[in-house]
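The feature transmembrane segment is assigned by TrEMBL to 12-36, 48-72, 78-97, 117-137, 179-202, 223-242, 248-269, 281-306.
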Amino acid sequence: MRGTAALLHYRLLIALGAGLVAAVVFASATAGPLLIRMVLFMLTALPLFLAGLGLGPTAALVAGISGTALVFLAGSPVGALIFAIGQAVPVFILVYLASLNRTDSQGAVEWYPVGRLVIAAALLSGAFAAITLMLLGGDVEALRAGLREMLQSFLDAELANMPDAPKLGPEELDEATSLIMALLPMASGITTMGSLLFNFWLAGRITLASGRLQRPWPDLGAMTFPPSAPLLLAGATAASFLSDLPGLIARSFSGPLFLAYVLLGLAVIHYVTRGKPWRVFILWALYALLFVMNSLSALAVALIGLTETIWPMRQKPPPSDDTRPPD
């Protein structure tokens, strides 16, 4: 009895500590050089995922609540809201889903599929991007004014450190605001999803190496999406052409869903090249193309992912005794 209480106390302290670290990283992302801020913001969710994957969904919930409370007590109610909807809630939901399992008729344990986790991350990221838009402004004009003010403040702060930086007049500022307004929903959703999944994967590898991962490591190359996923992408993409706020909200979801199919395409390529002597060269070339020709290469890879849902290209590999997690 005393041992159980001590274990619960230990897990509670770990979860509270994870929330504290996440809150400090999140707060640190608001000051300092731009690159450092971006890196810190991208890693905010890592302590939450480590607590959740290592100790279970309850630990992720406790860590998220404690982190949100700390940001709030630090005097930033808006920051606490952003931390909650952008970090704490998505991490808890993803960790909870990852912990779900069932036993089939043969007695084998089936865990929540990786593909459904990716789609869940896309929807959560889209929701975060859409809510962020609503926080910036309840309608298009209010959103435009808010973005223009934020851009002006950013330029005043960043360009002040660059003596030879060009000055933007009112017309250039309006044009830049319009461009940002068109791209922000997709960019915000994609960035949030990329951050969530990267930290999800990294925390999984860390907890796997430490022997604390609560589920077996999945075969990422074999992941599949639910049948409704193409309809979600098609609907969000079509709605992106709507005017005003509905179109902006739709773009918040179309961006992450597009990224999901890029990841599915990469999974297909990793899977079908297993065991090939030229595999390393192909993968290096692929990721180099994604880095250099980002948009076109990503579109091509996403089309591979979409094609996989209609004409499957992956066949079951022969049995292997290799216990190394497949890529």
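Even glycines carry a Cβ here, placed using N, Cα and C.
Counting only same-chain residues 6+ beyond the ends of the transmembrane segment (78-97), those with a CB under 8 A from a CB of the stretch are 22-23, 26-27, 30, 44-45, 48-49, 52-53, 56-57, 60-61, 63-65, 67-69, 71-72, 112, 116-117, 120-121, 124-125, 127-128, 131-132, 135, 192, 196, 200. Between the transmembrane segment (48-72) and the transmembrane segment (12-36), the number of CB pairs under 8 angstroms, six or more residues apart, is three or more, so the stretches are in contact. Beyond its flanks by at least six residues, the transmembrane segment (248-269) meets 115, 118-119, 121-123, 125-127, 129-130, 133, 140, 143, 181, 185-190, 192-194, 197, 220-225, 229, 232-233, 236-240, 242, 282-283, 286, 298, 300-306, 308, 313-314 of its own chain at Cβ-Cβ distances under 8 Å.
Sequence-distant contacts of the transmembrane segment (223-242) (same chain, at least 6 residues past either end, Cβ-Cβ under 8 Å): 113-116, 118-119, 123, 126, 250-251, 253-254, 257-258, 260-261, 264, 267, 306, 309.
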